[in-house]
Structure formats: C-alpha cells, structure tokens
Amino acid sequence: MSSIPKTPSRYRSRSDAKTPLTPSLLSALNAFSISPTKGHKQSTRAADLSNPFISRSRPVSPAKRTTSAGVPAYDSFQRQASGGVIRKGGVESRLDVVSRDYVPPQSQPKTELKRSRSTPATRDRAHSNGDRFITNREETEVAATLELMSLNPKSASPGHTARLAAAAGVPLNRRVLAYHEAPPASSSDSSLAQQREIARPLYARPGALPSSTGTTTNKSRRIPTQPERVLDAPGMVDDFYLNLVSWSCQNAVAVALAESTYIWRADVGAVSHLCEAPEGSYVSSVDFSNDGAYLGIGLGTGEVELWDVEAGQKLRTMAGHQGQIAVLSWHAHILSSGCGDGSIWHHDVRVPRHKVMELLGHTGEICGLKWREDGELLASGGNDNVVNIWDGRVGDVGEGTQGTAKWTKRNHTAAVKAIAWCPWQPSLLASGGGTNDATVHIWNSSTGARLHSLKTPSQVTSIQWSPHKKEFMTTHGYPTNAIMVHAYPSLERIAEIRDAHDSRVLYSAVSPAGDVVCTGAGDENLKFWRIWEAASTKKKRVDGKERSSSTTRSGILSIR
C-alpha cells in the first residue's frame with residue numbers, strides 16, 4: 001500500500017496547529033472541479049482531499065480560465081469584485097487594487113570584462129580613469145551636486161561669493177586640495193639652512209667635522225683658512241674664565257703665560273719679557289690702557305699691578321680684592337677690575353687711595369668686563385649667567401661708594417664671558433654665553449631691549465666687532481673650536497673656520513687697523529688671522545705733505 005507523500009520539514013509552517021475545515025468550506029470544495037486542458041489526460045483517480053497540496057494536474061491560470069467550466073461568474077460576484085469586497089461564507093477580505101503595473105527599465109546589455117586571474121573583479125574599471133578614493137568630476141557635475149546639497153543656494157549673493165573666491169585665491173567650483181609641484185626654495189630666508197648648519201656638528205660622527213683646511217663662506221666673501229702667522233705660547237692656561245691676550249693701539253701684543261707676561265711688537269717682530277708674577281701667584285688677566293703706554297696685570301691672589309710698557313717698570317700694586325682678577329678694562333685713568341667674589345672695583349691710578357667705587361650686582365665670578373669707548377657705560381658678565389650695564393659716570397667717589405646697574409639681563413643660561421661694544425653704533429652691546437647657552441644676544445643699551453639672538457653650535461668665548469664693516473666675529477670652544485663671522489643685522493653667517501686651534505679658542509684681540517685678529521688657545525699657540533680688509537687708504541695733508549693711513553701690512557702696524 002502506497003503512502004501519501006508528505007511535505008518536507010523545511011517547507012512546513014512553524015506552527016503545528018491545523019485550521020479546521022468548516023462545513024461551508026467543505027461543501028464548496030466538494031462542488032469545485034477543474035476542467036482539463038488540451039494535451040493532458042484526465043486523471044481517473046479522484047482527488048485526495050485529505051492533503052490540499054497534492055494535485056495530479058496543475059490548475060490553469062485564472063487569467064486564462066474559461067467561464068464555461070469551473071466556477072460560474074455570477075453578476076453579484078462580479079459586482080462585489082469590482083467594488084473591492086467579496087463576501088463569502090461570512091468572511092470579508094479587502095483587495096488592494098493596483099491601477100498601474102510596474103514596468104522595469106530597459107537595461108543595457110553588459111559586456112563581459114576579460115581580465116587575468118590576478119586582476120580583481122572591480123566594477124566599471126574600464127569606464128573609470130581616476131582613483132576610486134579621489135573624485136574626478138567635471139565642473140558642471142560639481143556645481144549640480146552643490147545645488148542639490150544646498151551648499152550653494154541661489155539666495156546667496158554672487159558678489160559676496162566672488163569676493164570670497166578672490167580673497168582665497170581659489171576658483172569657483174574647483175577643488176581646494178590638489179597636487180602641484182613643490183615650491184622653489186627661498187633665496188632670501190636662510191634661517192632653515194642656518195639651523196641645519198648649526199646643528200650638524202652636534203650630530204656628526206667623530207672625525208666627520210672638517211679640519212682647519214676647510215671653511216664655509218658665502219659667494220661674496222673669501223676668508224683665508226690659514227693664519228698669516230703662528231707664535232708659540234708655552235704655558236698658556238686653558239681656562240675659560242681668564243683673559244690673557246690684549247692688543248694695544250701701538251701694535252704691541254701682551255700675552256700671559258702662567259706666571260710670566262710677554263710683549264710681542266708686531267711691527268718689528270720682537271718679543272720681550274715684561275715681568276713675573278709673585279711667588280705662589282699667576283697672571284689671570286692683562287689689558288692695555290687706551291694710549292697703549294701702560295699695561296694692567298691682574299693676579300690670581302687679588303692684586304692689580306700697573307706697568308710702564310716702554311720702560312719695563314712696575315709703577316704700583318693695587319690690592320684689596322679677595323679673589324682672582326679674571327678680567328680688566330680701561331677707560332682714561334680708571335682701571336676697572338672684576339673679581340672672583342662678584343665685585344667690580346674702579347681704580348683711579350692717579351691717586352694713592354685707588355679704590356673710588358665698587359659695583360655689586362653679580363653673585364658669581366666676573367669673567368667679562370668692557371667699557372664703552374665714550375666711557376658713559378660699562379658692561380659686565382659673570383658666572384651667574386647675568387649681564388649688567390652700569391652707568392660709567394662717576395659722581396661722588398670714595399672707598400665706600402657703591403653703584404647700581406642700569407640694566408640687568410638674565411636671558412643667558414651659562415656664564416657670560418664674551419662682551420663687546422659696537423664701535424660704529426655705540427648703543428649696541430653683544431654678549432655670548434657658555435656651553436649650556438651658546439647664544440649671542442644683541443642689546444640696545446639705551447632702551448634695554450634685546451634686538452637679536454643667534455644660536456651657535458658651541459660655547460662663545462669672545463666677540464669682536466669689525467670697525468669698518470657691519471659684521472662681528474665670534475670664537476668658540478668644543479666641539480667646533482671655530483672662528484665665525486656674522487653679518488649685522490641679518491646675523492647671516494659669512495664665514496666659518498672650523499678647528500682653528502687644536503683646543504678651545506679662548507682668547508682674541510683685534511689689531512689697531514681692525515683687519516687682523518689674534519687668537520689664543522690651550523694648544524699653546526697664538527694665531528693671526530686676516531678676517532677683514534682695512535679701511536681704504538685716505539691721504540691727508542699734514543704740514544704741506546701727503547700722508548696715508550697705515551694698515552697692518554705696512555708701517556708701525558705691520559706684522560713681521
């Protein structure tokens with residue numbers, strides 16, 4: 001006996017409850033018959049009403065069903081159907097009448113893209129030439145898109161939009177971000193190149209820095225990389241805080257070597273021994289008077305000696321300091337001394353009681369001290385990282401008279417030894433800091449303002465202004481041991497001589513003509529460099545005769 005096939009479980013309803021057949025529905029199903037179609041044989045087997053899903057023949061579509069067989073179409077049934085409501089067996093159902101059938105759009109035939117196996121299957125690759133992440137549309141499409149997004153409303157003022165576009169420099173309906181060629185390098189602003197050049201020695205490998213045979217200069221200047229003359233200086237102390245070289249207006253160079261002081265006359269090339277320090281002491285500073293006739297010598301025990309250079313005799317000894325005298329500076333008959341205890345004394349060399357004023361403004365050792373040429377201001381720098389500018393006009397004098405600083409500057413972060421006044425603009429003062437600072441600051445002594453700052457690659461040991469050019473020179477310690485020339489006020493590096501000495505370039509002095517610079521270092525050498533050219537020779541008529549100004553190349557100012 002054949003069993004009736006059942007509906008597979010995957011097609012069954014989730015609810016197992018069966019809807020019972022009412023008597024009216026059973027009578028309607030019994031009276032229902034299906035007319036056979038052409039080409040098919042009528043089944044002799046009665047329909048199995050126990051399972052309504054089983055049928056031996058497929059029913060004809062209602063749209064093609066003839067009214068001669070099957071369910072007759074009554075007038076009342078048609079009226080109910082046209083009204084949208086059919087009543088049968090007490091059950092009402094509403095039909096949604098569709099007035100228009102859906103007509104699908106005609107699609108263009110797709111062309112099969114031929115690609116290799118390594119090419120990914122992306123849509124419309126053949127129709128798109130741009131990057132899928134960067135839009136590349138026509139201007140009209142962009143404008144239409146903006147209109148749809150209400151980003152460019154018609155109510156906006158066209159004049160205002162045009163002014164915004166002109167101010168921003170961006171055309172209308174164009175992309176703001178776009179790829180262009182790199183801008184050309186600036187020919188005027190060299191700050192970035194300067195910073196790279198300054199930082200290069202700090203990150204260079206050992207032995208990678210150029211030697212003294214190489215120099216960095218600009219196109220307009222050429223500075224010799226070799227000194228014109230080298231003198232042996234055995235016993236020169238390698239001490240950052242001392243000042244052991246001075247060059248007088250009479251073309252004589254004084255140099256302190258441990259306990260001894262020597263005079264080298266540049267015009268004849270003769271060397272003479274001037275004096276020896278007392279037993280148990282050493283020479284810590286030297287400085288010539290303005291006329292070059294006298295030499296002040298500071299000692300490590302706190303005394304200041306005064307010597308007649310021509311006669312080779314000591315005139316007097318001025319005591320009173322409690323520490324070494326690391327720096328001296330002259331103006332007329334006043335010799336100022338900087339002590340290790342932070343005090344500055346004014347000595348009047350004409351009177352027996354030499355101390356006429358004391359300046360207290362530093363807490364560390366005084367290692368930089370310089371009078372301005374007119375004698376109105378005095379600048380000092382100390383190991384407390386402070387720069388003080390003092391009023392040089394001495395009023396009431398006396399042993400107990402004290403002065404106060406006119407300006408006090410604390411911008412440096414290391415000891416300030418390098419101090420220099422500008423000869424052609426008296427209000428300018430340059431100061432340089434030690435290893436932890438390595439910065440040159442330019443000050444306006446009239447207003448106290450800082451005008452410029454220049455970062456250098458190493459500690460600044462001395463500064464010298466050119467008397468004929470708007471330039472200044474700096475000497476440096478580790479790691480470059482360099483001599484650098486800078487323009488003012490641009491601070492552009494004009495030239496650099498690296499490894500000018502085998503150790504730190506600690507001391508420097510300028511010749512009376514302003515063209516040659518003498519440098520001293522712990523490698524026990526004195527070197528003379530021609531950094532600048534002397535002023536143009538001007539003929540003067542003196543007593544009916546023409547005389548020309550001398551340079552270090554000829555006459556009393558020559559170097560032999």
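Even glycines carry a Cβ here, placed using N, Cα and C.
Feature annotation (TrEMBL): of 372-392, 456-476, 540-560, the stretch labelled region 'Disordered' is 540-560. Counting residues per DSSP class in helix, strand and coil order gives 0 helix, 22 strand, 13 coil for the repeat 'WD' (283-317). Through the fold, the repeat 'WD' (359-391) approaches residues 240-243, 323, 326-332, 334, 336-346, 402-421, 423, 426, 429, 431, 433, 437, 441, 443, 445, 448 of its own chain, all at least 6 residues removed from its boundaries and within a Cβ separation under 8 Å.
Averaged over the domain 'CDC20/Fizzy WD40' (231-529), the predicted model has a pLDDT of 94.
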